[in-house]
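Peer 1: What follows is a structure written as structure tokens; I'll ask about it next.
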């Protein structure tokens, strides 16, 4: 049975932890790709990359070798045939030894969260529960276990070294002659970013210490492969998944996560609002090699049966501890929604569109006081630094239409987020700032400028922004336009939008569409910034295209499967993959074939391409004169 059918059948059955299986479609390597590992200063620092092999270029004096291309790989062990994936056991705890060596954590006897203990002791959940063999960790009394705390203390952690190797993408492997051509790129406009040609572990440490970058790495998520979010690094993308009261199962959400990381999701947010949120999240975290984020207020709201006014600090606090003990790497917390800002949204066309923002606005109005997220922020910081959970300070008042873009409410909240950032940094807690939303192109840069001004260069993390509101069903495109622009201006991570945005819960196919669309936006931003090495893959693919190496064209692309499918729809024969044309122009009108013909002619005459063109024109002119200079010939 193929993977798609197997997955569909499994999703229709009641979920059982005893029979859960990985989606077979996520565990095979991409075409002509293999997992390769680069070693660090210690044996257990093994940094994964995807090596894409290329075929040789035919040449008159023999084949010209084309080097393998190395690309950033978010798929974890799933695409490594040497590793057997069993989602019932979860992934290996990659960072566990590093965490243990630091000696600043303690292993608890069980969950400290009241709700966590209730779920663990409920016999009705036995079939759903992930069978975790270890207890949660927490910082020892008086200790701070954040990567920012280590960085500010001058410590370069194994996580930081891992990231430095990963960000460099092994660009130095090219031979001098290859480097001259493949590594050539246009100078970028970086808008004040600092992009070193080679990233060192010390540079990573310094950026984290300054608050310009974060390493989301909860001590209870040792399965994660270290990554970094900051404007002086590669632009990252996030994929949202999660069930709802109407749709989806634990199996489907785990499959969405593994599908998202296969195609390039750097982080995943579980935004579940349906049944068994706790158990769903546990399965996702235990099987995720990328950081996992959540919006804790969603689950807290479920605990009070959906009544925002019944929320309390005690319920929210326990939810934070519950999720931190599971291993959530970053929390979206809408602490910037203040009572005084709610009336500012009254004149909006679309009001408050953030779920978290609307929940807290309703609570503020019901109690006519500041939210507990704002008043208890210092205590939230104490929880965050005990587990190294990063803040993703939520933009609860983001604009939900271009009509409302860049208004008073949006920027009032942003200013408050900057103030909260300073409080978090006082505790050495890592912070990134969430941004809009719906913003027309000419207003996008102001968002980046204001964020840098108010938030002291803390990483910006934006949803798009969507640049127009006229395309339901295509909002992955309307938002990718804005995402590419704001990524260029300095946004560190882009939250993907799928074609289902505003319309329904995305399935696996929608997740892939959103990921690929946002990989394009992030890469376009890296190119525009002039990120060192960003253009290498473009150059390699362009060379393959010009040389009619069809398989290399497919495999160097973001989605080899779709590229091959589109080519084969019109030219399915295997021989067509050796042809010097495609179905777009046919054999006689292919511009690249014509150019190659000119070069072949030049080589045969021993002249340059320009001389060949001139010589060819002279020959045709002589032929025209010899035939009697008649414009039209009788046939």
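A Cβ is built for glycine as well, from the same backbone N, Cα and C atoms used for every other residue.
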Peer 1: Which candidate from 454, 461, 474 does Swiss-Prot annotate alongside 240, 269, 298, 334, 354, 355, 356, 395, 396, 397, 398, 434 at the substrate binding site?
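Peer 2: Candidate listed by Swiss-Prot for the same site: 461.
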Peer 1: Would you count the other C-beta atoms found within 10 angstroms of the C-beta of residue 438 (Zn(2+) binding site) for me?
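Peer 2: The answer is 25 other Cβ atoms.
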Peer 1: Tell me which of the binding-site residues 298, 461 sits in the most Cβ-dense spot, judged by other Cβ atoms within 10 Å.
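Peer 2: For the binding-site residues 298, 461, the Cβ with the most other Cβ atoms within 10 Å is 461.
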Peer 1: Around residue 398 (substrate binding site), how many other C-beta atoms are within 10 angstroms of its C-beta?
Peer 2: 27
Peer 1: With an 8 Å cut-off on Cβ-Cβ distance and a minimum sequence separation of at least 6, pull the same-chain contacts of residue 240 (substrate binding site), or say none.
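Peer 2: Once residues fewer than 6 apart are set aside, residue 240 (substrate binding site) is near 268, 269, 271, 495, 496, 506.
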Peer 1: Which residue among the binding-site residues 356, 396 has the fewest other Cβ atoms within 10 Å of its Cβ, if you could check?
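Peer 2: If we count Cβ atoms within 10 Å for the binding-site residues 356, 396, the smallest count is at 356.
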Peer 1: What Cα-Cα separation, expressed in whole Å, is found between residue 461 (substrate binding site) and residue 502 (Zn(2+) binding site)?
Peer 2: 20
